[in-house]
Amino acid sequence: MNSSKSLGLAGFGVLKNTTCHTEKKISVFFSIIFMTVGILSNTLAIAILLKAYQRFRQKSKASFLLLASGLVVTDLFGHLINGAIAVFVYASDKDWIRFNQSNILCSVFGICMVFFGLCPLLLGSVMAVERCIGVTKPIFHSTKMTSKHVKMMLTMVCLFAVLIALLPILRFRAYQIQASRTWCFYKTEHVEDWEDRFYLLLFSCLGLLALAISFLCNAITGITLLRVKFKSQQRQGRSHHFEMIIQLLAIMCVSCICWSPFLVAMARIGINEDHSNETCETILFALRMATWNQILDPWVYILLRKAVLKNLYKITRGCCGMPIINLHMWELSSIKNSLKVAAISESPVSSKQINLQPLNSTGQ
């Protein structure tokens with residue numbers, strides 16, 4: 001009974017000493033705008049994914065479409081659930097004592113914040129690893145990265161994120177109402193217990209590790225695509241590689257810019273033994289920046305396609321006063337072209353044929 005009582009009342013400790021205030025009308029307006037834009041963007045991305053999956057059923061692209069679908073669906077439900085709870089809290093004038101007597105809503109809100117924050121980062125790193133393997137090791141990718149394996153990876157990532165989100169509840173540690181009284185998360189004020197520090201450091205380290213893996217794999221993929229482009233300018237088109245390279249740069253920039261402030265702030269709170277210098281306004285601003293990553297994810301992964309890039313290229317060349325070069329027709333996607341070139345270069349049969357050509361010519 002004592003543990004359940006402390007679990008139910010632990011979230012209200014911060015209400016006695018609120019360190020920052022948010023204006024109700026502006027906050028409700030921004031919450032509704034963020035939720036609406038996120039839902040519309042991810043819904044449009046899901047529709048484009050379904051259309052692409054019906055048109056292209058190649059084995060090499062099936063894994064990318066499945067992972068992208070998992071990412072977009074996760075972002076969509078994140079905006080739906082977290083956005084609905086945030087709007088309800090603002091509409092109720094942030095009176096947690098009235099509608100959160102047993103701390104159930106705060107626990108659900110905290111679990112959703114951790115899960116829908118960590119899961120997209122992990123999925124982004126898995127997508128980066130999948131693209132890196134597909135470009136650098138196409139034969140291994142075609143034989144091992146099947147749809148069944150990709151679905152298993154999606155399930156494992158989601159289960160791992162659920163476990164991290166439920167870890168405080170399993171350890172009878174309640175999620176805390178934050179100083180702005182608008183959201184719930186791990187304990188971020190007067191953190192003294194080692195377990196509270198562990199949760200903050202675990203979340204921030206996993207997020208930063210996912211960003212580092214994405215950055216490394218995307219850099220390797222981009223360098224490989226550039227090398228393939230320079231080696232195959234005569235036989236392949238000159239422009240189809242830029243689609244993938246631009247997507248990789250956009251993914252790295254958006255993820256690092258949006259998520260780094262929040263992850264670094266949580267790490268600093270977990271490391272500092274004294275009271276953290278992170279103010280409520282700083283943490284709230286970093287949280288809103290992280291929310292923008294879920295809004296921009298579908299535009300980076302899905303909507304930044306070759307048709308858009310081709311039109312932007314023409315407009316840029318026209319504005320600069322330079323003649324428009326007749327680009328090679330983009331008949332194949334950048335992933336398929338990269339796999340094809342890499343497979344031909346690594347295939348032992350093709351090398352044998354090339355070595356036998358001079359012998360045949362001399363024999364004739």
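The backbone N, Cα and C atoms fix where each Cβ goes, and this holds for glycine too.
Unlike curated entries, TrEMBL annotations are predicted automatically.
According to TrEMBL, the features are:
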TRANSMEM  30-50  transmembrane segment
DOMAIN    41-301  domain 'G-protein coupled receptors family 1 profile'
TRANSMEM  62-90  transmembrane segment
TRANSMEM  102-129  transmembrane segment
TRANSMEM  150-170  transmembrane segment
TRANSMEM  198-226  transmembrane segment
TRANSMEM  246-271  transmembrane segment
Feature contact check the transmembrane segment (30-50) with the transmembrane segment (198-226), CB under 8 Å, 3 or more pairs: no
Per-residue pLDDT averaged over the domain 'G-protein coupled receptors family 1 profile' (41-301), given as an integer: 84
